[in-house]
């Protein structure tokens, strides 16, 4: 009987998309472009909402926090993915891997709760417009935002702690582009049954409950839209809410398929593609869907741009004169 390699793993190697060697350069350009657009779009939202006088309603407070979250959420995984595409296999230390895992779970859970509260906010704004200022005031909005962040922070601790206590011996190659829960549990040489059950229950508690809390208000919104007598008003409102619902469904659908209902028959490469949707694609779509289709927000962007351009012009003119 051959002796088993029980040496403790101190670092991991992320394999990424090594089976697509001929597409590495193209994938790098695509992911880099998406990452840059995501950062720019969300930073624009944060800047415009903080400076726009008409954008201080609860809806835009939620949006500002969502954009701030998306910047960090996508930065947790994408830079390492880009480095992986350039080096064909990125090494990451054990502590850095656990840190990435924690921030991924923490920010992902926070986004779930934020999306649920934003759906409730949209429900009140559309279905109870006259009572909306009294029901969703800035104090309540601030408390809901704090609840989202605090719940996300606490949610990230348990999975990260349980994974960090597992033994990793011998193999250190993670068949993924970031330190995710399923591939780490597959790599461990410990018994992971309790860890799997705990993460499964936690995934149901966060993903499924938040999904139904997000979906519920949109059901009432759709029924309210169908009662709007104006065809143009109904079409415009339905288009906006339909876009929100499409992005929410994409985000939750891919997450649930990975953590609540994983298929043992799916190839690791398919799981990586599914992961791309909730780590790369949805952070890009959120600023487009929630803000750039909004008339008030686009007007605020134009005002901020005119103000910034005016300041730059006056500064350059003053330097030229002196």
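Any Cβ shown, glycine's included, is placed from N, Cα and C.
Across the topological domain 'Extracellular' (1-25), mean pLDDT in this model comes to 72. According to Swiss-Prot, the feature topological domain 'Extracellular' maps to 1-25 (among others).
What Swiss-Prot lists as N-linked glycosylation site is 5.
Per Swiss-Prot, the feature transmembrane segment maps to 26-46 (among others); the stated evidence is sequence analysis.
If you look up Swiss-Prot, you'll see 47-54 (among others) marked as topological domain 'Cytoplasmic'.
Per Swiss-Prot, transmembrane segment is recorded for 55-75 (among others), and the stated evidence type is sequence analysis.
Packing against the topological domain 'Extracellular' (76-99) from elsewhere in the chain are residues 9-18, 21, 24-25, 27-28, 31-32, 34-35, 107, 160, 163-164, 168, 174, 177-179, 184, 279-280: each is 6 or more residues past its ends and has a CB under 8 Å from a CB in it. Taken from Swiss-Prot, the feature topological domain 'Extracellular' covers 76-99 (among others), and the record attributes it to sequence analysis.
Feature annotation from Swiss-Prot assigns disulfide bond to 97-189.
As annotated by Swiss-Prot, transmembrane segment applies to 100-120 (among others), with the evidence given as sequence analysis. Non-local neighbours of the transmembrane segment (100-120) in the same chain are 59, 62-63, 65-66, 69-70, 72-73, 76-77, 80, 92, 144-145, 147-149, 151-153, 155-157, 159-160, 163, 178-181, 184, 206-207, 210-211, 213-218, 244, 248, 251-252, 255, 278, 290; each lies 6+ residues outside the stretch with a CB under 8 Å from one of its CB atoms.
For the topological domain 'Cytoplasmic' (121-139), the residues of the chain that approach it from at least six positions outside its boundaries are 56, 58-59, 61-62, 217-218, 220-221, 224-225, 237, 241, 244, judged by C-beta separation under 8 angstroms. Look at Swiss-Prot and you will find 121-139 (among others) tagged as topological domain 'Cytoplasmic'.
Feature annotation from Swiss-Prot assigns transmembrane segment to 140-160 (among others).
For the topological domain 'Extracellular' (161-197), DSSP puts the residue distribution at 16 helix, 3 strand, 18 coil. Marked as topological domain 'Extracellular' by Swiss-Prot: 161-197 (among others).
Within the same chain, residues 109, 112-113, 115-116, 119-120, 122-123, 155, 158-159, 162, 181, 185, 245, 248, 252, 255-256, 259-260 sit at least 6 positions outside the transmembrane segment (198-217) and bring their C-beta atoms closer than 8 Å to a C-beta of that stretch. Positions annotated as transmembrane segment by Swiss-Prot: 198-217 (among others).
Taken from Swiss-Prot, the feature topological domain 'Cytoplasmic' applies to 218-237 (among others).
The annotation transmembrane segment is assigned in Swiss-Prot to 238-258 (among others). Sequence-distant contacts of the transmembrane segment (238-258) (same chain, six or more residues past either end, CB-CB distance under 8 Å): 108, 111-112, 115, 119, 122, 126, 182, 203, 207-208, 210-211, 214-215, 218, 221-222, 225, 271, 274-275, 277-278, 281-282, 285-286, 289-290, 293.
Marked as topological domain 'Extracellular' by Swiss-Prot: 259-271 (among others). Here the topological domain 'Extracellular' (259-271) is broken down by DSSP into helix, strand and coil counts: 5 helix, 0 strand, 8 coil.
The transmembrane segment feature in Swiss-Prot is assigned to 272-292 (among others); the stated evidence is sequence analysis.
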Disulfide-bonded residues compared (97, 189) - the one with the fewest other Cβ atoms within 10 Å: 189
Annotated stretches the transmembrane segment (26-46) and the transmembrane segment (140-160) touching (3 or more Cβ pairs under 8 Å): no
Chain residues outside the topological domain 'Extracellular' (161-197) and at least six past its termini with a C-beta under 8 angstroms from it: 4-9, 11-17, 76-77, 80-81, 84, 92, 94, 97-98, 100-101, 104-105, 258-259, 262, 268, 271-272, 275, 279
Structural state of residue 97 (disulfide bond), classified by DSSP into three states: helix
